Amino acid sequence: MRLEKCWFCSSTIYPGHGIQFVRNDAKIFRFCRSKCHKNFKMKRNPRKVKWTKAYRRLHGKDMTQDSTFEFERKRNRPERYDRNLAENTLKAIKKIDKISSDRQKHHISSRLNTGKVKRRKEAKNELNQSIHMIKAPSVIKEDSSLTLPKIKVKVSQTLAEENQPMEE
C-alpha cells in the first residue's frame, strides 16, 4: 500500500482518496481534498497559507530538522523480502516513532515556555505601571519596596541655547 503526500498541505493520501492533477509537462500533483486542489488552482503559495505544513515549518511551529525525518523519506528502490529484515524494520519503526514523538513533545513544550516567560514579563510590567490601582498611594509612599528607585540625572545646557531668544 503506497501512501502519497498532498502537494499543497503535505498530509498523507491513502489509496482511493484525493485528486490527481497531471500538468502538460507530465508533472503529477496529488491533493488530499478539494480544498487543496482549489487553492492550487488559485495559485496560492502553501508557505503563505497558515494551515499547511509548509507554513508551520517555515514559521518555527513544527520541527524542521530531525534525524528521524530521514526514515520517513520515500525510497523507490525495491528490496528483496527477508523475514528477519521485516521483523527488525517493524521493531525499528516503533522505536523511531517513540523517539520522534518525544522530540515533538519537547519542541512543543519549549515553544510554550517562551510564551510563558513573555506573558509573565508583560504581567510584571503591567503590575508595575498600575500598582496604584491595587495599593493605596499612601501605602506606596510609606513602603519603599513597592516603588521603583528614582534616579536623578543632571542635564547640562549649552551656552548658545541659553542666550538665544525663542523664535516665533
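Placed from the backbone N, Cα and C atoms, the Cβ positions cover glycine too.
According to TrEMBL, the feature domain 'TRASH' maps to 6-44.
Averaged across the domain 'TRASH' (6-44), the predicted model reaches a pLDDT of 95.
The domain 'TRASH' (6-44): residue composition by secondary structure is 8 helix, 10 strand, 21 coil, according to DSSP.
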